[in-house]
Amino acid sequence: MSGAALGLEIVFVFFLALFLLHRYGDFKKQHRLVIIATLLAWYLCFLIVFILPLDVSTTIYNRCKLAVNSSPAESNGSYVTLAPSKQKCFKPWSYIPDGIMPIFWRVVYWTSQFLTWILLPFMQSYARSGGFSITGKIKTALIENAIYYGTYLLIFGAFLIYVAVNPNFNLQWNQLQTIGIAAANTWGLFLLVLLLGYGLVEIPRSHWNGAKRGYLLMKTYFKAAKLMTEKADAEENLEDIMEEVRKVSESIKYNHPLRKCVDTILKKCPTEYQERMGRNMDDYEDFDERQNSYPSEKSLAKLHKQVIYSVQRHRRTQVQWQILLEQAFYLEDVAKNESSATRQFVHTFHSQEPENKIIQYFYTPTVEWYWECLLRPWFYRVLAVVLATFSVIVVWSECTFFSTKPVLSLFAVFIQLAEKTYNYIYIEMACFLTIFFLSICVYSTVFRIRVFNYYYLASHHQTDAYSLLFSGMLFCRLTPPLCLNFLGLTHMDATISHKNTQPTAYTSIMGSMRVLSFIADGFYIYYPMLVVILCIATYFSLGTRCLNLLGFQQFMGDSEMTSDLIDEGKELIRREKRKRQRQEEGENRRREWKERYGNREDSTRSRAVHTDQKESSFSETNANRPLSKYTRSNGRTERDRIELLQDAEPLDFNADSVNDDPLELDSGR
């Protein structure tokens, strides 16, 4: 089993990252390089979280081997004996051979740092650029990132000059590397504590509120009112941009040098606007350079950028509106079915997507009623209590993990108890649950936050390229300090435990933080205590209240603006519900009419065909008889009546020939 667990987790984490990226990104419309870069960033970050428990169990086993193989005198020197020297060490099932983990961590860490500090910022500017060629987009990205990269080079150059001039510093390459890692981890830890303080409170509270049907329904009404405003604004913005595109398309004719740029912009527009502009455009007029002033390529690139943004925003609001409607209808159905005496869940509208037959077989209306109306609220309450307990343990450990005598961090206590008995499965499970909960608190906040319309992770394939790349940057910057914080909570970091024991492979890659003592003994230890203040602020919704005072509508139960938006959203949902009911009633009436009168129409058509056959045979028998004008008109009128019953195509009229009846033409011939 050596290395098998590592291989399985590598494959599992890859498909997990691919599934999440497929939920938020759009593989068909977005650029392949954007998808690959985001997938690689997410994959490496998730991989660190899943592999770190294996590193902990392997390190504990290596410590045990060193303690058993060393003499008592040696055990007091390089390594501390954690168990009696005669105790036998059992190899864990997930043991990773020596030499693999250091190489693995080195490749993963430096690849993620290259992504977050160099490649992803460049690709963000490239994705947002409105250039019409690869060279133009690269040039725009380099110009936008010149200040970004120049700032880091200036700081690093000033630091190197200071070290070279000062004789007290004799830093080697490994120490410079450690200083760079420490600087990156310090920036990540600063953001990590902010996101962690929000997630530790908001995740248990959201699950507790999930058990309140009235709360969820009111919040959905509130979201509907806000989303309708955003949707109307997106439609208005799209109309304005399309009007500018129309003017540019009419001014720049087919033989203008910039016509290719205009065609590229038109391809990014919605189909209905393309058809409308195509009908109103006269490409046969030549352009005259002396007649009008034409836009420059730079202004067209700016317009191209605005078109991409407005179309993406319009599409996203449309999809989110439909999803929100389905959620509102479902919550209203749950509220109605709670008082059902039959205990059968009845939906107001049938699902538009085909359901799986296996799910239909097991998830019957009775099972759905028991789950939605009885079991689900209690399940959410129990889950909220469990998550709140984890949050309290994390807050306590963050404030006391620096204490080694006595050990106050609960996570360190759990790991040390399991380490005495070498219960590797328990160690890996405890480590995995701890770091997984920390990751959920941090990563879920990254998925929830929204910076106006510049950064927003929207599900159902509605996230733009800029937001995907930005999320990859955040993950790569947050994951290394998150793992170091986890190792500090469990006292697996020698900087925290102050023990001269064998470090984990991950800690050895990070280097010794003793090079910067004010960071190792100060910032890394005391800054995480700030999570207590952030949790208190989140519990009392101080951030939400501040945003509400600044004019950003937030859901607050005691606010008059919130009540008005809830009423507005309720009316919008009611209006959409009536519209959908009328559509379904119309479809049902058409279906019933077709089922009721479909057979009669078929029989009428068959009788018409039979009559036409009789008329044809009668005309053939009397083809040689001279027919008068009136006889021809009467016969043609009868045949026209039969053709109308048959829904036949009308015959072409020939004004030059009086005898235009096909039957009579044949008889004349």
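Using the three backbone atoms N, Cα and C, a Cβ is placed for every residue, glycine included.
Bear in mind that TrEMBL entries carry predicted annotations, made automatically and left uncurated.
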Feature coiled coil in TrEMBL, mapped to one of the ranges 224-251, 252-279, 476-503: 224-251
The transmembrane segment (103-126) and the transmembrane segment (466-489) contact flag, 3+ Cβ pairs under 8 angstroms: yes
Average pLDDT across the coiled coil (224-251), rounded to a whole number: 93
Residues from the same chain, set at least six apart from the ends of the transmembrane segment (177-201), whose C-beta lies under 8 A from its own: 113, 117, 159, 171, 391, 394-395, 438, 440-442, 444-446, 474, 477-482, 484-485, 510-513, 515-516, 519, 523-524, 527-528, 530-531, 533-535, 537-539, 543
Chain residues outside the transmembrane segment (466-489) and at least six past its termini with a C-beta under 8 angstroms from it: 21, 24-25, 30, 34-35, 37-38, 40-42, 44-45, 48-49, 52, 56, 109, 112-113, 115-116, 120-121, 123-124, 127-128, 181, 184-189, 191-192, 195, 394, 397-398, 401, 409, 411-412, 431, 434-435, 438-439, 442-443, 446-447, 454-458, 495-496, 504, 506-507, 510, 524, 528
Touch test for the transmembrane segment (523-542) and the transmembrane segment (6-21), at least 3 Cβ pairs under 8 Å: no
